[in-house]
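Features reported for this protein in TrEMBL:
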{"type": "BINDING", "residues": "H539, H544, E598", "note": "Zn(2+) binding site"}
{"type": "ACT_SITE", "residues": "E540", "note": "active site"}
Amino acid sequence: MLRNQIQPKSYCQLISSGAFLRQRGGMRHQYGTSAVGAAVGAVKTTAATLAQRYSYSTSFYSSSSSSSSSFSSSFTTTTKSISPSKSYLKPRFSFQSQNFSTMAPAAHYYADTKAPITPLEVKHHFELLADNDKHYAHHMSRASHFGTRVVLRQVSPESETIYDIILSLHATVKGIYDETTLKDASAQDVQYYLEYASQFLSNLGNYKSFGDVKFVPRLTPEAFKSIVSVDSKALELYNTVEKAIFSTEPEAANLLGYADKGHVTSYYSPNVTKEEIDTIQGALAAKGVLPENTRLFKDEKGFKLLIASANTFADSEDKTIPHESIELPNGLGTLEFVYGDHSKEFAKIVEEMEGALKYAANETQEKMLKAYIQSFKTGSMEEHKESQKYWVKDIGPKVETNIGFIETYRDPAGIRGEWEGLVAMINTERTKKFSELVEKAKDYIGQLPWPKAFEKDVFTPPDFTSLEVLTFAGSGIPAGINIPNYDDVRLNVGFKNVSLGNVLSAKAPNEKTTFLKPEDAPLHDKLRGPSFEVQVGIHELLGHGTGKLLSENSDGTFNFDKENPPISPITGKPVTTYYKKGETWGSVFGSLAGSYEECRAETVAMYLATDKSLLKIFGHGETGEENADDVLYIAYLMMARAGLLGLEFWDPITKKWGQPHMQARFSILKCFLNAGEDFVKLETSKEDYSDLVISLDRSKILSVGKKAVGDYLQKLHIYKTTADYANGSALYNEMTEVGPELAKFRDIVIKSKLPRKQFVQANTVIEDGKVVFKEYESTPVGMIESFAARAV
């Protein structure tokens with residue numbers, strides 16, 4: 001999937017500016033098995049750090065239920081059930097308001113100014129739908145958006161309160177932000193407030209969806225307070241989160257990550273350590289409990305696993321969900337299952353999906369929706385898995401949807417999913433190209449640099465569709481998707497690849513492309529679209545869609561000849577490692593799995609893009625303005641540039657990568673640089689590197705470049721398929737290590753970065769029995785209005 005921090009001028013620049021092809025390919029379930037006791041010192045340090053940052057004095061999380069018990073570090077939640085009247089767990093704070101006029105944050109944490117805002121244009125495709133399909137799309141869109149507050153709670157403790165401030169103020173001023181409503185605010189401060197609000201809504205939180213770095217308003221706390229003071233409710237809320245909005249200290253808390261490392265996460269209470277998360281996940285895996293829709297909190301009696309569901313109790317008739325508490329190893333106490341996390345929202349989600357059920361186009365959609373509804377009612381992830389089986393089988397629907405806790409990037413442990421919902425329509429013309437690639441997939445898979453023993457026994461061509469997005473409810477909109485992520489569903493049923501066309505084709509005007517030679521810029525600007533379309537197709541279909549995990553089956557048999565194991569093309573000897581019973585790709589490679597798999601898919605794209613017959617599928621022949629040689633050159637140049645831009649997402653202090661896709665692309669840049677023969681060089685003559693450009697010798701792509709990519713890809717693939725974590729992690733850590741020769745360019749990369757593009761999404765409403773399409777201005781006020789109109 002593609003996310004972009006530097007905003008593209010056109011869809012292909014998504015890759016070169018940090019767009020993401022969202023990782024799929026069965027790495028969802030990253031079950032930790034480490035049996036390590038709680039690190040008490042780390043807990044105390046983390047709790048103290050957060051208490052200092054947020055100045056909370058009573059409770060961090062609370063429930064309205066009268067049955068509660070105190071968590072250490074000032075946490076409270078229910079222990080048995082949650083009150084139906086206010087059954088969802090919600091952050092509640094007692095922040096101390098402070099004066100921050102002398103505490104200016106570092107400039108790189110400021111919210112974007114003059115960021116490009118563009119509509120997610122889809123009206124034409126929506127209006128082509130039949131009335132029945134419009135109603136189906138409407139209800140699925142509403143169901144998706146009702147998860148907005150779930151995302152906010154998953155990002156940071158303060159995000160939901162900031163959201164309420166923005167919407168409450170908007171209602172009070174009736175969408176008018178000028179001297180008539182904000183008499184004491186300067187025009188500059190109002191602009192900065194609106195830019196912050198727009199970026200916040202675009203990311204659904206105060207941490208960037210691409211990079212997981214905090215951003216803060218450009219105006220002062222006093223100016224912000226002056227603006228919101230015209231609304232008593234907004235002012236009251238603001239006083240509880242002022243410090244959380246503006247604070248950029250301690251430094252580590254500006255990144256999402258493990259709390260015991262000083263970072264911020266809302267998937268866990270601050271007193272839960274990484275070691276405890278790993279141990280508990282091992283216990284859950286042993287019980288067959290999937291963690292995607294959960295959060296984990298701790299008190300003096302043990303741990304609470306909060307499960308997202310409309311029900312506030314464990315449904316006794318649903319055998320796919322846990323009912324009894326379990327004892328944890330290593331003296332960690334008990335783990336109690338608490339249902340009803342976000343129950344208010346999930347009740348609405350279920351209601352809308354029941355509405356969509358009336359307009360299902362076929363029996364497969366009906367079964368899919370019923371499984372979704374059961375999952376969201378009871379909290380059963382097994383039912384969600386069932387929904388995905390039907391989703392895969394629903395081939396070529398007029399309205400494509402997918403919804404749930406899908407991606408696990410933002411959970412530091414890589415196991416708990418962030419809510420998202422997709423509603424889109426098919427782009428028939430572009431889908432034809434992808435369909436031809438699907439038909440010829442076996443031919444191209446045979447060219448990849450590994451023997452058949454390391455490839456799936458039977459390749460099941462997935463559904464590959466180009467979509468025009470009506471709704472994408474979540475922290476960021478991808479450009480390509482390959483789902484579901486459940487290993488067994490992908491292996492036994494299949495998966496779908498979708499390219500989100502109106503995300504790809506969205507353009508921001510007057511954007512300069514950085515770090516390219518003057519002679520390369522015109523060709524890049526002309527062909528980045530076609531080049532990126534090729535890369536998306538290969539990445540999603542032949543990247544994430546390939547590879548056989550050599551495994552022991554649940555019945556003790558093997559999916560390969562264990563007595564005569566395949567010969568590794570790396571060592572020339574029989575492989576000695578494989579996935580043992582109960583192990584998955586994610587459980588073996590852990591937090592490394594996501595970025596590693598992105599890198600494997602990207603290198604597949606670079607390797608196969610050299611095949612001219614494949615490029616011809618996309619309309620690029622030997623001659624013409626979009627000829628194959630030029631498209632290939634720009635594809636490699638874009639990847640090199642994306643790797644350089646990736647330095648923004650590497651922290652030189654913690655040595656931590658904040659974005660897995662850009663980590664992957666950086667490693668491919670290193671692969672290019674390490675290829676030798678001056679295939680790729682970074683050229684500069686100034687001390688501040690302000691003239692830094694990428695030099696790529698296009699005459700060496702088919703010789704030097706393809707060989708280097710093939711060698712790297714082969715190792716990535718073989719280590720993955722054979723569960724060889726020792727060699728795989730050593731390779732990837734080496735290739736993503738930022739040495740001084742490249743780290744020196746980070747400052748100029750950051751100085752040259754461009755604001756991220758923001759998308760204003762349309763809404764649908766029902767008027768006189770008809771579904772009506774509503775659009776909004778491509779401005780910060782339009783962004784706010786689009787959210788306000790949803791009333792979620």
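Glycine residues also receive a Cβ, built from the backbone N, Cα and C atoms like all the rest.
Shown on the structure are the features that TrEMBL records.
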residue: H539; record: Zn(2+) binding site; DSSP class: helix
residue: H544; record: Zn(2+) binding site; DSSP class: coil
residue: E598; record: Zn(2+) binding site; DSSP class: helix
Suppose we draw a 10 Å sphere around the Cβ of E598 (Zn(2+) binding site). How many other Cβ atoms does it contain, all chains included? 30
Cα distance (Å, whole number) from the residue listed as 'active site' to E598 (Zn(2+) binding site): 10
Would you count the other CB atoms within 10 A of the CB of H539 (Zn(2+) binding site), including those on all shown protein chains? 32
Within 10 Å of the Cβ of H544 (Zn(2+) binding site), how many other Cβ atoms can you find? Include all protein chains, please. 30
Validating a neighbour-count step here. Other CB atoms within 10 A of the CB of the residue listed as 'active site': how many? 32
